[in-house]
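Structure record follows, encoded as structure tokens.
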Amino acid sequence: MSSSKTLRKLEVVSPVPADIDIANSVEPFHISEIAKELNLSPNHYGLYGKYKAKVLLSVLDELEGSRDGYYVVVGGITPTPLGEGKSTTTVGLCQALGAFLDKKVVTCLRQPSQGPTFGIKGGAAGGGYSQVIPMDEFNLHLTGDIHAITAANNLLAAAIDTRIFHESTQSDKALLNRLCPPNKEGKRSFSDIMFRRLKKLGISKTRPEDLTPQEVKKFARLDINPVSITWRRVMDVNDRFLRKITIGQGPEEKGMVRETGFDISVASEIMAVLALTTSLADMRERLGKMVVGNSKAGDPVTADDLGVGGALTVLMKDAINPTLMQTLEGTPVLVHAGPFANIAHGNSSIVADKIALKLVGQGGFVVTEAGFGADIGAEKFMNIKCRYSGLTPQCAVIVATIRALKMHGGGPEVVAGKPLDHAYLTENVSLVEAGCVNLARHITNTKAYGVNVVVAVNKFATDSEAELNAVRNAALAAGAYDAVICTHHAHGGKGAVDLGIAVQRACENVTQPLKFLYPLDISIKEKIEAIARSYGASGVEYSEQAEKQIEMYSQQGFSGLPICMAKTQYSFSHNASEKGAPTGFVLPIRDVRGSIGAGFIYPLVGTMSTMPGLPTRPCFYDIDVDTATGKTAMVDSPTTPTQPSSSSSFTKAELKTTSFSFFFFFFTSSKKKTTAFAYGFMFAFLAFTIFLVFYPPWYSSPPFKKIFHSSPSSSYRSHFSSIFSHLLPNSSHQGILRTHDAFNTTFQLSRKNPFPGKIEGIDGSSESLSGADRNGSSNGSLSSFPDVPRFSQGNGNLKGNNTLSASSPSVHVPILSLSQESNQTENWNRSSKSSLKDTHSGKNILGLENNEQDGFRKNSVSLGEKQGKQREPELMNACDIFDGMWVRDDANYPLYPPGSCPHIDQSFNCFLNNRPDNGYEKYRWQPKGCNIPRLNGLDMLELLRGKRLVFVGDSLNRNMWESLVCVLRNSVEDSSRVFEASGRREFRTEDSYSFIFKDYNCSVEFFRSPFLVQEWEIPNMGGSKKETLRLDVTERSLDKYISADILVFNTGHWWTHEKTAKGAGRWNSGGQCDGEIEPIMNKAYLGKYPAKMRILESIIKGMKTPVFYLNITRMTEFRKDAHPSFYRKKNLTEEEKKLQMRHQDCSHWCLPGVPDTWNELLYAQLLVLQQKQQR
């Protein structure tokens, strides 16, 4: 999180509550605090209550010489009627940039209309944990800008009909006398605004009495043709019955009856003017130039002709100032303007963007949203908004959802207010892939403007990994700079950090200038046809009315304006039912109209509704006020499951059919994450634990049984049951977990037992399965204390000073604790000298003698070659492999060339970050009296063939995961056959990653999970909350990795015990280690063995599941030389160097480096198990 005073940490819960509940759960900062973070003084803004302020345009004058920040626009694919979350993504992205990536950022959003808020769409403040707050104030009234537009629009409408009425009853001279009444001295004069009309008419006279009769007629009589009037009245409510009305039916307006209608306020041209204006003076000119109709002679009649331009500007003078608000996480938001995205350009204001770009400054970010799909909103952003603003965007984000892509791939119709079809709730990769043609065209079109395109996949709870991967692959293939899966709805800015990183890189690496789709000096038709081609049309067809209008606007001198196409948002074509990326259609232009003051011509493709109607069940059913608190209450509609969520969240329907019968255990403390972590978490610090599932999932290949099972009658325990063996000691297990019996839940977590026999329950009971009964049972125990019995003979596991007794050789694979705290050792039975054979060549691959240890670590090529006699895991059983020392080995280390692996996080890549020494790369671990094998990548890939190896933990486990990926990648001939499944190149922020080794059909994966159980809160006295761990609820991603063949849980946190006990401690607060270039060589200088490690070891003591505990605490403590320190980034500025020096990373490890040795221990354990199974 950033150090900004106005940034807050969200406490997210799952399932995601209603938007209004989330919004009301957060007390906004006083808006003056948000303004202060932007370096705005009270002179720069005017307060509108506690949580809103109008930022004055004078800020632009004061910051005129400042450099602009990066400019990002958010658009979307062709949407469903439910919307795909552009506003939510925009807010989530900004929360990620500001609250997590420490960037100066301003969100620029349109002000929503009250009509949809009370109608069917609901509010537009974002959603879930990515919202603008206060949400109710954002959606209703705000600072009154839309009301000002409504008043100004209707004043102009009244002026039009009044002028027609008075002209119909008066002579030219009478009109002039009333327009220019005499003053007290009896003199007549023109008002200032009248000189605008005189100038337009070419009349240079300054006194009314000097006008000739012909000039009087031209000046005083507008002679508006009622049929030509395009200006309609507006109101900010959805009211279908005002779409067409008749006016002039009063008794005093006889003969003045005409048909007209109401539009919704945001459809007013005044809204478009507000959005496209660049200054108060510019707005005055634009308002005055608005054309309301034509004279009977065919001349355009403007607001200034009616004399109302100045009055309109007065009504709008406060509305021109953007409104400052905030997100849930305290990042600033400028809300301004909200023009329609069909008959107008659908973007927030230019002045808000300009102010924001100056406020964030160079290196900061301004993110704005474009309405509807990118074919409409982003196209108009580029060709209209950027033309008038002179601003150049660096990046465009295209928001996509699996739901919308399925629709474009041929899925059933999506109807707002109705439950989604089953096709949208279940996996269908082919449907998604078919729909990606829509995404691909949006990417291609948007890239043509010269910006880098980043695709943001707004993840829903029903989306599968395969579907998400299909979208990402399609996006990259279509030319996207990057494609990122986002969970900002469920997790706030944290769920969009990857997106923020991708956007930052896209902005920093843009190489092309802004390109427009068409020049302004071509004809209106040529511009229309250029846009139509971008839709996929083969041609354009103009109605007779459209032809007349194009000719009229051309004659009136408006052909040089840009085009604002008004078409359906639900298809590239004019037909909303044509999904995907249609081609070859002819685009029909029904009519052509002009918003001359705003500055564009808008052709009508089909019929456009500018006054929405209300549905059968409008949203106002769910809006009320809490009369006790005065707060607004808005309830999510129960019939429209439109909100995305994390994959771990349940929908409301799922909650109705899922019941949990858990025991609740809480360990609380006044210090955050202290005792709860130390005593509640079943695995402690600074060690990593390997859980091996000794049977393949139903889709795994049979050979894995041979590697990790001695016989079909072997018993087993799953990694999942090992977790619950401490939470629910009386539960019984079958497969992974008998969830139906143990938890009375329909949440399926179990797999079929591949081995017949009896499965022993944790309580000692057994359950018969088909096949032969099991021989014997386990009563094994394990502890770190000296009086615990040693391993029985015949167990082929790595030797440590902590051992397990087993009464039968047929027990499940034993648990092993490898602790180096005691110097006691015991030789294992080494009577069996049979070497492990290469299953392909038949050569010995394990056969090390003591006198061959010097040659043990020579570079190896393949199984059985050069190492045939040198890899005897038996010898590892003869000693405590964690009792040893670090030995420099320049000939054989590191395991891969420094700087050669592209999959190392920048912060771990000390070599590329210009660390001057390299000794930390060249050390190997040498136990006393035995050896561990050098990690042979090809051998390990053979062991993993067809399997999943998953690391689960925090950043230290990511350290180890990246190490193994790099070692294995370095061993293959074709590195292009090694890739991250989703194409990701940044590995810090997403919840999971998976590297595929194509030639071995295996994956090496990482799931971020600091705890194996869920973090929680319980109320404390005084209304505060205590942070705890829910020991009865596993962490949310568990169901994604329970099918893994090998699980590595690394509990080596940067949270040291001392820091945690103080309620503090960050990865970059580990002291000073920049001057360390050699390991500690004397044990006397090591710290005291952490007492809290005994917690872990005492817990493992009672476990009956095949767990292998490799305690790396002591051996790793020697390596004070191998931390990144301040070599976490290259080309540091002087200020960054000072900051890095103060906050060094003495917790993680450089790569290549220490984590490579951890992986060698993992490799050695797998070899031992393989040998055991082949005996």
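Each Cβ is built from the backbone N, Cα and C atoms, and glycine gets one as well.
The compositional bias 'Polar residues' feature in TrEMBL is assigned to 765-784 (among others).
Feature annotation from TrEMBL assigns compositional bias 'Polar residues' to 792-809 (among others).
Under the heading compositional bias 'Polar residues', TrEMBL lists 821-834 (among others).
If you look up TrEMBL, you'll see 878-931 marked as domain 'Trichome birefringence-like N-terminal'.
DSSP states for the domain 'Trichome birefringence-like C-terminal' (932-1061), grouped as helix (H, G, I), strand (E, B) and coil, give 42 helix, 44 strand, 44 coil. Residues or ranges marked as domain 'Trichome birefringence-like C-terminal' by TrEMBL: 932-1061 (among others).
Predicted-model confidence for the domain 'Trichome birefringence-like C-terminal' (1065-1164) is 79, expressed as mean pLDDT. If you look up TrEMBL, you'll see 1065-1164 (among others) marked as domain 'Trichome birefringence-like C-terminal'.
Residues or ranges marked as region 'Disordered' by TrEMBL: 754-809 (among others).
Annotation comment: TrEMBL describes 821-858 (among others) as region 'Disordered'.
The annotation transmembrane segment is assigned in TrEMBL to 676-698.
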Checklist entry - Tally of helix, strand and coil residues over the domain 'Trichome birefringence-like N-terminal' (878-931) according to DSSP? => result 6 helix, 10 strand, 38 coil
Item to check | Number of helical, extended and coil residues in the domain 'Trichome birefringence-like C-terminal' (1065-1164), per DSSP | outcome: 37 helix, 6 strand, 57 coil
